[in-house]
Amino acid sequence: MRRGAAAVAALLCLGAACLLGRGFDPRGRLPLPRGRLLSGAELARYRGAPGEPGLYLAVLGRVFDVERGRRHYGPGGAYSGLAGRDATRAFATGDFTAAGLVDEVSALSAGQLLAIQSWLSFYSEHYEPVGKLVGRFYDEYGAPTEALRQAEAAIEEALKFQAESEQRKQQFPPCNSEWSSATGSRFWCSKQSGGVSRDWTGVPRKLFHPGSKGSRCVCVRTTGPPWGQPDSTQHRDRGDLDNPHLQEYSGCPPLAEQCVLKE
């Protein structure tokens, strides 16, 4: 009986070891996605130097095999500092000094977080994923840490803000503008102004943002329903001219497609 119990115990231990190796969390959660878990010391061995086992890098704790990009990431390459570590911050800042080649991202701007997201998508598409780096973003079981959840939430907010900004740009495309000492400032609209292709030209207006005293020149639709109300039948056929955040340029005809402001 004792031999049988010992055998069962050995099998249980072996099974547990297998589960841990596959990323199973013994605290009762579901099995995590399969993938290798590497420590920082293990990852540091993958810088592509002679005698080292490979060439890896990590972004937000996700490890990729970048051997196919050796001329960029291998010894002597322009981005060799990224190899063998998680230097997520550098992907956003371009700082390849020792201080910049780190994984701290909590103080980055929305634009910088979007840059990280873009790089993560790039590596996911073009390089083989290896596993996860145990440390700031994943714990010893391969589960996301609070730092990763916060980073992902911040990226989600940045993506949302980007989508809203793009929508505002579609509604109020930037004006074309020029200045000369002889004629002053000129603002005008076209069907391509602001890099936004559309089937209307619009007229120049000052757009103010709530809580800000500054303004910028945008092109405003002059016909049809207001933005966001395409099916409205009860409108004044004035497009977005009545938007409360808009203001006419002094001395400029209300429906002129260009304004010249002499200084």
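Note: Cβ is positioned from N, Cα and C throughout, glycine not excepted.
According to TrEMBL, the protein carries these features:
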COMPBIAS  233-245  compositional bias 'Basic and acidic residues'
DOMAIN    38-134  domain 'Cytochrome b5 heme-binding'
REGION    223-249  region 'Disordered'
SIGNAL    1-23  signal peptide
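Long-range neighbours of the compositional bias 'Basic and acidic residues' (233-245) within the same chain, counting only residues 6 or more positions beyond its ends whose Cβ lies under 8 Å from a Cβ of the stretch, are 171-172, 200, 202-203, 205, 207-210, 220-227. Across the residues of the domain 'Cytochrome b5 heme-binding' (38-134), the predicted structure has a mean pLDDT of 97. The residues of the compositional bias 'Basic and acidic residues' (233-245), classed with DSSP into helix (H, G, I), strand (E, B) and coil, number 0 helix, 0 strand, 13 coil.
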